[in-house]
Amino acid sequence: MLPGRHTPRRADAAAAAAAMEPLVPGATRAALSEFVATAVFVFAAEGSVYGLWKMYRDTGTLGGLLVVAVAHALALAAAVAVSRNASGGHVNPAVTFGVLVGRRISFARAALYWAAQLLGAVLAVLLLRLASGGMRPMGFTLGHRIHERHALLLEVVMTFGLVYTVYATAVDRRSGGGDIAPLAIGLVAGANILAGGPFDGAAMNPARAFGPALVGWNWRHHWVYWLGPLIGAGMAGALYEFVMAEQPEPPAAADTRLPVAAEDY
């Protein structure tokens, strides 16, 4: 028998198994974890903006920026902490995309995560609108004299930093178990909001922008909050995975087995 004779058959079997992955109970539980964690994060994050507007009719002050940054940092840290064991604690389609670029997750599972994250964000904003007596969500908008190209660059840079932090503290096996990951991820998100909030709101998360946009039906500049984070996340995932991460030693003998699906971290 020639080596590799049945490789196409194995490849077909692996592809079929990967396509069925969303139906596996573990994948379903992971997606549910992402749904709940994203809803928790977006409810607290967007809720902090609701609260400021309810009390002061203004969210553009230094104090307001600090409140929103702290709320996002704490909510994201908590959301990552409660979901990391079940799903890896992505809570963000951009993070999932960065992990996909690094080949740490299969496309089938990534698609399942994206759907769960977007639905969780929409549910959170719907609940906020109901609980607030019909207040429209604030959502994201560009600051005075800020062009879309400026906001796009900001989102690329800020999301790059966020996803790079995810890789360094949660994905990399050298991080010592990733116990610091939720705090580090929350802190970098809060710091980025302090830096970029006055310019474009500092979303760094397509789901965070999508929920308010859908519920409030305001799509102006919305593409910026998808394209920027996805570019930044892809760059961070590629850089860390293929340059910064410790590469495994080559096996003594070639292993022709094909995995069913990429392992999530």
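Note that Cβ sites are derived from N, Cα and C of the backbone, with glycine treated the same way.
Summarising the annotation, Swiss-Prot assigns transmembrane segment to 32-52 (among others) and lists sequence analysis as the type of evidence.
The annotation transmembrane segment is assigned in Swiss-Prot to 62-82 (among others). Note on the transmembrane segment (62-82): residues 33, 36-38, 40-41, 43-45, 47-49, 51-52, 56, 89, 91, 170, 181-183, 185-187, 189-191, 193-194, 197-198 of its chain, located 6 or more positions outside it, place their CB under 8 angstroms from a CB of the stretch.
Per Swiss-Prot, transmembrane segment is recorded for 110-130 (among others).
Annotated transmembrane segment per Swiss-Prot: 151-171 (among others), in sequence order, evidence recorded as sequence analysis.
As annotated by Swiss-Prot, transmembrane segment applies to 179-199 (among others).
The feature transmembrane segment is assigned by Swiss-Prot to 223-243 (among others).
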Tertiary contacts of the transmembrane segment (179-199) (same chain, 6+ residues out, Cβ under 8 Å):
60, 65-66, 68-70, 72-78, 80-81, 84, 89, 142-143, 146, 150-151, 154-155, 158, 161-162, 165-166, 168-170
